[in-house]
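Here is what TrEMBL says about this protein:
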- A:22-43: transmembrane segment (TRANSMEM)
- A:63-90: transmembrane segment (TRANSMEM)
- A:97-116: transmembrane segment (TRANSMEM)
- A:136-155: transmembrane segment (TRANSMEM)
- A:167-188: transmembrane segment (TRANSMEM)
- A:219-238: transmembrane segment (TRANSMEM)
- A:250-283: transmembrane segment (TRANSMEM)
- A:289-314: transmembrane segment (TRANSMEM)
Amino acid sequence: MAHVTGLLPPLRLASPTATRELVLFAAILIVGAGFSLASPYFLTVVNLVQTLRAGLELAIVSAGMTLVIIMGGIDVSVGGIMAVSAILIGKSYQAGLSSWFVVPIGLASGTLLGAWNGFLTTKLRVPPIIATLGSMYIFSAIMFLVIGGAWISGLPGTLSPLVNGKVVGIPASLLVILAVYGLCWVLLRQLPYGRHLYAIGSSEQSAKLVGINVDRTKIAAYAILGLLAGFAALLYVARLRNVEINIGTTVALEAIAATILGGTSIRGGVGSLLGTLLGVVFIRIVQNGLVLIGVSSLWETVIIGGLLIVVLTADALGNRNNQRGA
Amino acid sequence: MLFEMTGIVKRFGGLVALDRVDFAVAEGEVMALVGDNGAGKSTLIKTMSGAHIPDAGEIRMAGQPVRFRSPQDAWRSGIATIYQELALAGKMTVADNIFLGREIRRPILGIPFLDRPAMRRRTAELLSQLDVHVPSLDSWVETMSGGQRQGVAIARALNMDARLIIMDEPTAALAVAEVRKVLDFVRRLRSQNKSVVLISHNIQDVFAVSDRISVMRHGRRIAVRETATTTPEEIIGLITGASEVRAAAS
């Protein structure tokens, strides 16, 4: 008889073993404690809330990136999607449209650009890293052509409360992050769609055999990532009231780094949103702490890059050790 | 006959891989399919399972003519193939694999939430029907033994209401105890009135579970024997062609 102790499955927020999440959590505590000792400014409400706001867009994009990487894909063009969406948002505001129109425009443009990536990787069979790299070039070119080196500035802050506001003392940006991760968690773990993402990442052939529409599932995942990038663009505009030329330049790589540090396998099939969220927190805390203790922010990229290599090597070794069958 | 193929021809360029093959399986029957490497066994089962489209001939499932353009087509008409590579998602749990693509849903406000308790109940039922022992319904399939994974793959086929289950070398690369287990799965399938096509190189396994044996040689199905009235020597003679040599000499 199969082991059936209680028919209710464990409520899985984390990956099956949850080791990676625990390690990251411990690392966040240790690094946080270190920075608190090194700088009196680190562990202050003002600093932490500021870090949270600055990390809002990365956190949102990373949730979508987790879905795409679990499915065995990748998208290096999310920064470009953010940029093009932000430009559309900015131009729409400048044209005098109200937020009632601008918000759907921002979300729709992100979704469409994401779906475009999905179309390239499924219908045209371009490997995702190449397809989205091409998209990245195209999207950046569009941005340069439209704004030509100047900022779009003086935009209204209608949505600013989502970033800067507070609800019964809780920063609104924290609530936004929790809402996005909550919805993505439902999608990934409580709906058939999420099972299909894991299945495609784990064995695309097996997903096809049981009749899952693999192409449609993939396009939808890229579109969801695009939607979140569009949402991030709205929050970016709300936060800065500008569209700057450097928008989104680092977000793709940081989102991939946060996802991988959080335990999602770059080969697909494995991963958790909680891990990604911890990955985002870790990256942002390291960035913030290093600035506070007066270390060049270049070191932050060295640290994150080094950690990525360590994590990927450890995964590769672990995989070699417990490989079983095909 | 539950499943019937008549006059199946499959050519690859100039090579005739299947030469007017007739093949049939009755309901609740275990039909073994044997033959040397290159005799056409794999091509035949790929034609049954929708992976190959025959150049000529007819396939009938439960009396109805069918044409499979893909493995999904065959799957939909109740033919499940348990491949050697099994086509399970390794990094998913037993229940996830069994219900992949046909999840039990419990819609709330139109949103199709997964009904995990129901899927786990059904999974436990299916596994106990087949007498499959797994460490836990929540362990990843890739951490399980070959026999356990065969069990999960068969349970998935049963859950898909498969009526004909094709097993391609299910006992190859398994430990002795596991082989016994897999043969036991075959017997259990028969007792539930499912039909099984068993491809195997192992004559001992074939004689242990099959009702009839079809022998392939050079792309033709040269003989069908009742397992109860034949001998391993006769079957091996048919596979290797020794019987033809003897016939020619006499």
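Placed from the backbone N, Cα and C atoms, the Cβ positions cover glycine too.
By the Cβ criterion (distance under 8 Å, sequence gap of 6 or more), the transmembrane segment (A:219-238) is counted as touching the transmembrane segment (A:63-90), at least 3 such pairs being found. Most Cβ pairs within less than 8 Å of the transmembrane segment (A:63-90), among stretches A:22-43, A:97-116, A:136-155, A:167-188, belong to A:136-155. Below 8 A, the CB atoms of the transmembrane segment (A:250-283) and the transmembrane segment (A:97-116) form no more than two pairs separated by six or more positions in the chain, fewer than 3 in all.
Within the chain, the transmembrane segment (A:136-155) has long-range Cβ neighbours (under 8 A, six or more residues past its boundaries) at 76-77, 79-81, 83-84, 87, 89-91, 93-94, 113, 237, 241-245, 247, 252.
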